[in-house]
Amino acid sequence: MDKDRAVRVDEESLPRESDTPQHEVRDQDQQNGVRVAEAVTSAWSRSSLIMAYASMWLLYFVNGLNSSLTANLSPYITSEWSEHSLLTVIGVVTSVMGAACVMPIAKVLNLWDRTLGMCIMVVIAIMGLIMMAACESIATYCAAQAFYTVGFTGVIFSVDVITSDTSSLRDRGLAYAFTSSPYMITAFAGSPLGNQFHESNWRWAYGTTCIILPVAAMPLIIVWQMAKRKAAREDRLHYKPRSTRTWAQSVWFYIIEFDIIGVMLMIGGLILFLTSFNIAGNTVDVWQSPKVIAMMVVGFCVLLAFAAYERWGAPKPFIPFELLCDRTVIGACLLDITYQVSYYCWASYFTSFLQVVFDTSFTQAGYIAAIFDFMDPIWLLGCGYLIRVTGRFKWLLMAAVPLYLLASGLMIYFRSPGHSVGYMCMVQIFLAVGGGTMILIEQVAVLAAAKHENYASMLALLSVFGNLGGAVGNSVSGAIWTNTLPQKLRQMLPDETKEMWQEIYESLDVQLSYPVGDPTRIAIQNAYASSQRNMMIAGTAVMGLSIIWVLMMRNIKVKDNKDVTKVLF
């Protein structure tokens, strides 16, 4: 790289125009974290780049393994406190926290440094894991899940941003497919490991992850910092003296740079709006409550205020308004929220459903649920290659959405006890191919519509919509579960166990204690099947909107676009 194009970085703030030569005017519009990323990617060797990708692969492995363990253990952990029905409540809380955290994380990555943001998120994730390992009540478990979700969401978000920094637009789908490929391993490793922890001590599942996570993150952080120093030595990266701002001026500077007002409006709006769904989804007839309606209306109004502030009031808006109006960005974000709503309408109780209705073991249920995670990265490698060869991505969406709708419809049909569990396995493969394609291309699409300096913001925006969809989907699932399963149990249970419906409803262990063929077990199976069928109908109906969102998106050509300096792919 020509040293006349050196990147100039202030250690604490954006550089002053008067201190910057004319040849660096381009960098004035970029924030420090973006400039550091460009300097690092221009300075490091291919071996360093390979090591960085190996570390990112390990971080995805740790995330996938812990997610698989949590998905398998959560029904039993909540049942330990007789709160099995709160699975969707926990899902909503974690989705809200995940949605709320990505915008501040993106600001840290852009304003300061990619790995600094990752270090902060690793610390938060470790705090959550320690809390989960030590929790003694459902309230502490929920709080621990919130910390854990914020931490791991931030870590994976940082990895995705660094992946976009180090891959060309043409090969970005292939790069994302590679970093997510550990899910092929963790998909099936999580079930037997989860079973072992369940039989011994489930707390060690989180204690072990607490030890592994910093070890996996360390190589990436070290390689990045070494490349950063190399860039400075080679005159690619210039550090300026610390600014002379007063303490008050620095506080105001960061309030503006982090768009604190906008972030608070978004967080407040999301919490109010989604909490109303949370309450409504887990209490019978609560929609008649003025408090719930008020929370929903106020939350929606606050979100509108956030959009207005970002358009007309923010000195440094989180995302340029023209990008928010881009039809590809809008289509990708709406597709993501639709997909997440559809998926989480049924996913939270899926492993419980398999064990109760199809009499699968703990491990077998985990394996079936993991088919999606196993097939997804395998197909994504092929999907990324097809994008690389053709230079287009929209045609893949046009095939993926109908396939997902077909699979979702088949799930409705095969959800009764009379069908073989093999059909569920087949449908999971279809869902993996369709759903995985949508997730990958959503990322490629929003990045194709943006410049490098907006990558973190665009991925954060997509993540907000995805977490919002997850929260709404969990709320819908909880509403159907709360308003359907107890009623069905009271109707279907034989007289000798009819009065035990509450105990049966709240505990998976109690549900599984009745042998297959027992009248009580048959009643539980039929009640489960009825509730799950309603969940799938809701998810399939919502997913029909995805066809509209795909048609909105432009078919951007990515084949000839190489927007970063040094790439692995």
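Here, residue 1 is simply the first one shown, and the rest follow in order.
Cβ coordinates come from backbone N, Cα and C, glycine included.
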Give the range, chosen from 344-366, 459-481, 505-527, that TrEMBL lists as transmembrane segment.
459-481
Do the transmembrane segment (145-162) and the transmembrane segment (251-280) come together with 3 or more C-beta pairs under 8 Å, pairs six or more apart in sequence?
no
Between the stretches 118-139, 251-280, 292-309, which one has more Cβ pairs under 8 Å with the transmembrane segment (205-227) than any other?
118-139
I need to check the long-range neighbours of the transmembrane segment (251-280): which residues 6 or more away from its ends have a CB within less than 8 Å of a CB in the stretch?
13-14, 31, 89, 92-93, 95-96, 99-100, 103-104, 107, 111, 245, 286-287, 289, 292-293, 295-296, 298-303, 305-306, 309-310, 313-318, 464, 468, 471-472, 475-476, 478-479
With contact taken as 3 or more Cβ pairs under 8 angstroms (pairs 6 or more apart in sequence), are the transmembrane segment (395-414) and the transmembrane segment (174-193) in contact?
no
Among the recorded stretches 174-193, 292-309, 459-481, which has the greatest number of Cβ pairs closer than 8 Å to the transmembrane segment (535-552)?
459-481
Tertiary contacts of the transmembrane segment (174-193) (same chain, 6+ residues out, Cβ under 8 Å):
53, 56-58, 60-61, 64-65, 67-69, 71-72, 159-160, 163, 166-167, 205, 362-367, 370-374, 376-378, 380-381, 383-385, 387-388, 440, 443-444, 568-569
